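The structure under discussion appears below in the form of structure tokens.
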């Protein structure tokens, strides 16, 4: 239609009043525009057919991605979210995804894990600082009373070991199981607060998401479920959304590690300890089994080889756990000291002493 209007406008500048010439002009305009439209549509169909035959035979539609589509696609590949709203349909594109994922996913997982540990340390530091401030504000009187009692008790003791034990009571209480549960609870609560605050922000600029929809989108994204029914559409705040998702994935790894640790504790709760000798302990990038570690400790302290070889590590670890739980006092064995009589030198038998 636009072609015909433009042609009539160009031809209309000429002064033509005869009916035959007007008919010829109309036919000319119609034929010219029809040929242009015909060749354009034919070329588009040819491009579409050639493009679709590159990939599989069941490709129906083909369109070029925008820059935003490409950025979101690459981010969801290396983070394994995989929304699926855009996907390659050519063989070259699918080969690129395979190579890009093989190279990018391991590096991304390492970066997210490192970021998660860094955030965990920050949250633990904030938790400890907050706990100290609370104790300082609300527990000043009771702490002063305890300090006076402790000071009076220390003044009556002469044994340095007992003094050291009393001075370390606070450190032992700080490393209790309650502290571990408290830190884990703080990390889990921080994860849910992060989702709620992020949902409020994302819902404010994403046109297709309300608050509940944003919570659903964040949960699906941060847990790498990636259903793809809701995806970021606002190009202006796309970078903010991607940064939020990256940090959220790091927090998710922390929450999953905490949950896995306590599920493992529940899994082994009440079970008999066995095969301790083959338990592997990692030191940096190297690993040692418990058996190797104990053997080297025995060599370092010059312990008899037969005692190290006869040590039952399963019973030893079980007893050590009871000591830490307060069920046993110590693992030290009070053995009698055997002295060879020939190695003792008496004063009346020493010639150097008798000469004096």
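All residue numbers here begin at 1 and follow the chain in the order shown.
Here the Cβ of each residue, glycine as well, is placed from N, Cα and C on the backbone.
Note that TrEMBL annotation is computational and uncurated.
Among the residue ranges 184-204, 268-288, 289-309, 310-330, the one that TrEMBL annotates as transmembrane segment is 184-204. TrEMBL tags one of the stretches 95-115, 116-136, 137-157 as transmembrane segment, and that stretch is 95-115. Between the stretches 21-47, 237-263, TrEMBL puts its transmembrane segment entry on 237-263.
Proximity of distant same-chain residues to the transmembrane segment (62-83), defined by a Cβ-Cβ separation under 8 Å and at least 6 residues beyond the stretch ends, is recorded for 48, 51-52, 89, 97, 100-101, 104-105, 107-108, 112, 221, 224-228, 231-232, 235, 238, 242, 245-246, 249. Using a Cβ-Cβ cut-off under 8 Å and counting only residues 6 or more beyond its ends in the same chain, the transmembrane segment (95-115) has close neighbours at 74, 77-80, 88, 246-247, 249-250, 253. When averaged over the domain 'Potassium channel' (62-120), pLDDT in the model lands at 90. Secondary structure of the domain 'Potassium channel' (62-120) per DSSP (helix as H, G, I; strand as E, B; remaining residues coil): 42 helix, 0 strand, 17 coil. Across the domain 'Potassium channel' (191-263), DSSP classifies residues as 53 helix, 0 strand, 20 coil.
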